[in-house]
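S.K.: Sharing a structure with you now.
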Amino acid sequence: MTSLLEPAAPGRRAAEPEATGRISAGPLGRAGLPPLRRPAVPTATTPAAPADDDEPAAPPAEPAAATADETPAESSARRTVRRPPGRRGPLWLGALVAGALVAAVPALSGGTPEPAASVSAADYGLGAADLGLAGEMDEAGVRQGITQAEAAVRLSELAASRAAREPQTVLPTSGRMTTCFCQRWGSMHWGIDLAAPLGTPIYSATDGVVLRAGRASGYGNAVYIQDADGNVHVYGHMRYYDVSAGDIVHAGDQIAKVGNEGQSTGPHLHYEIHRGGMTGRPIDPEEWLADHGVAI
């Protein structure tokens, strides 16, 4: 047997170590020395090929437990080189496809599919109170409402309250009275004159309907409005007017602007009231306004 201390002859391999990695030289070896130990040569392991995309990566091999006789160097020499992990995305996709195929087997084989699990409102977090909101009122909501008759009564009360707040009569324009309802220069003046600058707004003194609006002899442009009592209010000498026959007006609505049209001595509003209609007897507008709470 070739000694470990002598080089191997050319073309011959050195003696192979035993399984334990030790070569004994007798009970005590030479000169009473303990047996020589040859360092274990690491076993050459061919690296595994990278994992295929379609195959799972092999788990790393567990290192073999070192025996009592093995040294740390010998134990580390027996460790297997780990294989690089492969991509696992396609594995999940393959698992999903396989699951779908397994689920479709009963349908393809003519088997009766299992009924789908029923879903209740509680599964979506809806309670009994939420289910009541389905576009209909419950009995409690109906009891809290009012009838149409009660609503009509309240609407009439609202209209009355609004009518009480709104003025029923207003001064036709913000001007100074220059001529009264009286005799003037030997003849009767059948209205009052309120002087104001050209273009000053003229308002309807009360609610009513426009009978006519336009040219009217010595009045120049005039507007005739009939109130709820049948009286006709005449506004004359306007330069502009904003209404026409048939219009509904309310107290305070602007109907024209102060002018100097017709037989006029300066910009002013001539205002008359005929009781009972166009052909009715003229009355004093100043008194009528005072009776309705408006002072000039």
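Backbone N, Cα and C atoms are what each Cβ position is placed from, and that goes for glycine too.
As listed in TrEMBL for this protein:
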| type | residues | note |
| --- | --- | --- |
| COMPBIAS | 1-12 | compositional bias 'Low complexity' |
| COMPBIAS | 39-50 | compositional bias 'Low complexity' |
| COMPBIAS | 63-74 | compositional bias 'Low complexity' |
| DOMAIN | 188-285 | domain 'M23ase beta-sheet core' |
| REGION | 1-88 | region 'Disordered' |
S.K.: Using DSSP, what's the helix, strand and coil tally for the domain 'M23ase beta-sheet core' (188-285)?
M.R.: 4 helix, 48 strand, 46 coil
S.K.: The domain 'M23ase beta-sheet core' (188-285): mean pLDDT?
M.R.: 95
